[in-house]
Amino acid sequence: MGTSKWLSQDPNYLRISTEQRGTRIRKAIYALKITNLAGMTNEHSPLLTYGLFSVVGDPSGSGSVSGQQGVDTANPGSHSSSPRSLNTFFGVIVPTVLSMFSIVLFLRTGFVVGHAGLLQALIMLGVAYVIISLTILSVCAISTNGAVQGGGAYFMISRSLGPEFGGSIGLMFYLANVCACGVYVLGLVEAILDIFGQDPASAVSEGVRVLPQGYWYGVLYSSIVLLVCLLVCLVGAQIYSRASFLILLVVTVSLLSIYISPLALGPRDFIITHQGRAANSTCVYNTSYTGFNRTTLRNNLGSGYSLDYSTDTVMTFATVFAVMFNGCTGIMAGANMSGELKNPSVSIPKGTIIAVVYTFFVYLLLFLLVSSTCDRVLLIQDYGFFRRINVWPPFVIIGVYCTSLSAAMSSLIGASRILHALALDQLFGLPLAPATITSSAGNPWVSVLYTWALVQCVVFAGQLNSITSLVTVFYLLAYAAVDLACLALEWASAPNFRPTFQFFSWHSCLLGIMGCVVMMFVINPVYSSASIALLLLLLLFIHYRAPTSSWGYISQALIFHQVRKYLLMLDVRKEHVKFWRPQVLLMVSNPRSSCQLITFVNQLKKGGLFVLGHVQLGDLDTLPSDPIQPQYNFWLSLVDKLGVKAFVDLTLSVSVRQGTQHLLRITGLGGMKPNTLVLGFYDNCVPEDYFLQDPAFCEEVSGPNGGGGDNFGVDLPSLQAHFPPVRNMESPRWLSPDEYVGIISDAIKMGKNVCLGRYLFQLEGEMSSASQTGEDRTIDVWPLNLLRPENSGYVDVCSLFLLQMACVLNMASRWRNARLRIFLCVEAESGDQGWVAKEETLRDLLGKLRIRASIKIVAWDAMVRLYTGVKERRADTPGGGDIGEGDLGGWARSPPVVSEDFLAAVNSLVMEHSAPAAVRFLYLPRPPAGSSQSQRYLAQLEAITHDLGPTLLIHGLTPVTCTEL
């Protein structure tokens, strides 16, 4: 209607046709919807926005909306600052194939087959590809479950497992790429020296062999190659992406030349020379190339582990597998390009699977080829034997150079993108802050420099085989994390986890994790243990350091899944008094004046349920929206600030009494529902503002989030501003005495125990002044109704409940060493010595209940006389008989009529005998049945607790103690 009115103001509106009017109205409605969506885009809304666009459509039929399509404001630090231009082939297949070929294809195929033999080499190949295939299934599942931004595998892990796992695994995956880049650079230098290096035996330049060899020369050559990679990456990743297809063509031609060489070349013999261990000594090996030969194949079937000429160590299955597995560690190269892919959710799974299948058959054919044509000595003693048996040796040289250089640049670029994503997410603070800097074209050049510096450290290892184990362990750990992420998502059973790639299950994820972890320790137990220890340290660091994220926490989904299952198993029909524990609902009006009470009740819960309840006055019928929902974050932040283990439950009601009834009925779930209601005391004391006393609420404290104090969008100033100031003497009270007593009555009617806390704001000062162990504090219990001395001869359910609650407090860590005292009131002047029997009975009861407490005998003859005198005078009054708590079904019609002198005497008695106590537990009488007696009931409670210090008035209804096993 508003749209039609707006359109009707157009002077041309009446002159256009009905059809044109309809078109204009539809366009106007569409424009308004787009305007409304403009402020809605966040991390949770891209799919919603996309769906609305597709449903509403473009009225002009163009199918796009200027300024809206493709906008990503999900994260202020967007991972895709550069335009997405790569398709599946160029963005995933090509870099993945080149990374998986690398130096292993040309320089380590003979090494693997020569030492392990064909059969074990095929086993290694199968195990390696099974492990990475299981990981690929997990990658495909995660990447097809939502939009993937820049950062590749790190982005997928972090957004699936949360910041702790994501950041730690992301850093480990980054280090794996750094080490892999170093491996590729060292492999390239090794290949260069194999052609152009001086003869190690003579150290004399001959022909093209002019480059001197040695450790420091190797470092120099590696640094030069790495500098070339750095320059290319500083210019931009587009250079590599444009040249990658050409490099793949060159590598393919080199592979074809290897495959056809046995058909073009005949058998030939070779002499291989190596420098010996002793000074000025050389080792000479005679070997041969036989072409396709059945005897050669049979000789190469079994293993022949021997000394590796480059490291002078004897090879084993583990060390050879570590070298071979490096040819399978490039499966994430395409995923690392996610920020440049047009459609990463489609390209990553499709391209990665194609690349892995292609490389598997390439390796399989090469293993069969070399084991059928080459002598074992040739395979073991010459890494570059392909050059000796090729129709044109430069083909192999070109292939080695191209694959090594492209893999090194790919690792350097991919690692820099991972580091840039880590820096944008602010998981490691200031050390990575400069890595967020990018060029005008979006190239993270600072991240490139960071990565280059680390790779430069790796090349100082000098020998290729000496760091391959470390690279393999890092990659296996990253792959296990990907499988773990997918397993957690599958086990969490979240409705929003519905990937379009369906060829996976929790079995494949679990097998992938087990395979990765087992192979880690098979390869190198020391590196594996160290990497896991590093991972745990990073987990702890990020848990206490990282800022709050909005990625979603998989731990929450898993906890929900398990808690729901166990809550269903928690059967209320199987409750037993032996396993009773307090489950408390604490009603809080204003946390500013209730923080001490909240903290005290937290110590009183003994592993039970603790819920903070609050009633906001209002009527939803008169409000535009629910005012309760936005308040939960503030209350939860308060819980975090106080460090208590509590839930929060808020409600909206026309009265506090009615709202409390709602909370008593609906708070909790299943077998976890409150059985005890705790209220602050109703008096005329002006409350104190705890926020002004506690430094945690007065100033920003550097916390685990890095000093900002931000907790899910609630910082300290907003937390302080949310809760209103405490009331003063002139402020109106939201709760009347009748309503307060009515709440107590309602709770008792509903079978809930009731506790009233008074003067607990003094407790913090007493506890801080006392010793930390609590040895100087006492907990005093008066387990009888002080307003009815005639009922002091027996211990009822309420008395036992007092004893239980005092014992529960005594079990708390801050009260464990406090002394528990129980007061037994007797008439010492009667002369019948009946109080001795009462003491023995009480001591026997405490022994059966396993309560360690001292019994204090208190003579209260004066109080009894005062009470008896008032009772006799009331009995002489016509119709003035008093009805006790045993009448009317145990419900008090009215509070007992006692004099002010009696109340003052009771107060003095308690104060005299328990003056040094830290907290007192008193018997709470039942409230009156009629509201007309509420004022007198509260006045009596106020009189007997006046200036007593921290006091808890308790009325218990349920049996909570057990004397049997």
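Cβ atoms here come from the backbone N, Cα and C positions, even for glycine.
Taken from TrEMBL, the feature compositional bias 'Low complexity' applies to 61-72.
The annotation domain 'Amino acid permease/ SLC12A' is assigned in TrEMBL to 91-585.
Annotated domain 'SLC12A transporter C-terminal' per TrEMBL: 596-684, in sequence order. Note on the domain 'SLC12A transporter C-terminal' (596-684): DSSP counts are 37 helix, 22 strand, 30 coil.
Among the features that TrEMBL reports, region 'Disordered' is placed at 61-82.
Per TrEMBL, the feature transmembrane segment maps to 88-107 (among others).
A Cβ distance under 8 Å defines the sequence-distant neighbours of the transmembrane segment (119-148), meaning residues of its chain 6+ beyond its ends; these are 46-47, 112-113, 155-156, 159-160, 301-303, 317, 320-321, 324-325, 327-328, 331-332, 335, 338, 341, 344-346, 348-349, 352-353, 356, 360, 363-364, 367, 371, 476, 479, 482-483, 485-487, 489, 496-501, 503-504, 508-509, 511-512, 515-516, 519. The transmembrane segment annotation in TrEMBL covers 119-148 (among others).
The transmembrane segment annotation in TrEMBL covers 169-195 (among others).
The feature transmembrane segment is assigned by TrEMBL to 215-236 (among others).
According to TrEMBL, the transmembrane segment annotation covers 243-260 (among others).
Per TrEMBL, the feature transmembrane segment maps to 314-333 (among others).
Feature annotation from TrEMBL assigns transmembrane segment to 353-371 (among others).
The transmembrane segment annotation in TrEMBL covers 391-415 (among others). Under 8 Å from some Cβ of the transmembrane segment (391-415) lie the Cβ atoms of residues 95, 98-99, 101-103, 105-107, 152, 174, 177-178, 180-181, 184-185, 187-188, 191-192, 195, 225-226, 228-230, 232-233, 237, 240, 243-244, 247, 250-251, 253-255, 257-258, 260-261, 264-265, 330, 332-333, 336-337, 384, 448, 451-452, 455, all in the same chain and six or more residues away from its ends.
Annotated transmembrane segment per TrEMBL: 427-453 (among others), in sequence order. For the transmembrane segment (427-453), the residues of the chain that approach it from at least six positions outside its boundaries are 77, 81-82, 163, 166-167, 170-171, 174, 177-178, 181, 226, 229-230, 233-237, 412-413, 415-417, 419-420, 542, 545-546, 706, judged by C-beta separation under 8 angstroms.
Long-range neighbours of the transmembrane segment (473-492) within the same chain, counting only residues 6 or more positions beyond its ends whose Cβ lies under 8 Å from a Cβ of the stretch, are 131-132, 134-135, 137-139, 141-142, 145, 153, 156-157, 160-161, 165, 169, 172-173, 175-176, 179-180, 325, 329, 332, 504-506, 509-510, 512-513, 516-517, 519-520, 523-524, 527-528, 531-532, 535, 554, 557-558, 560-561. Summarising the annotation, TrEMBL assigns transmembrane segment to 473-492 (among others).
Listed by sequence, the residues of this chain that lie at least six past the ends of the transmembrane segment (504-523) yet keep a Cβ under 8 A from its Cβ atoms are 127, 130-131, 134-135, 137-138, 140-141, 317-319, 321-322, 325, 469, 472-473, 476-477, 479-480, 482-484, 486-487, 490-491, 529, 531. Annotation comment: TrEMBL describes 504-523 (among others) as transmembrane segment.
TrEMBL lists 529-546 (among others) with the feature transmembrane segment.
Beyond the ends of the transmembrane segment (243-260), by six or more residues, the same chain brings 90, 94-95, 97-98, 101, 105-106, 362, 365-366, 369, 386, 390-392, 395-396, 398-399, 402-403, 406 to within a C-beta distance below 8 angstroms of the stretch.
Predicted-model confidence for the domain 'Amino acid permease/ SLC12A' (91-585) is 85, expressed as mean pLDDT. Count of Cβ pairs under 8 Å against the transmembrane segment (353-371): among 88-107, 215-236, 314-333, 529-546, the largest is for 88-107.
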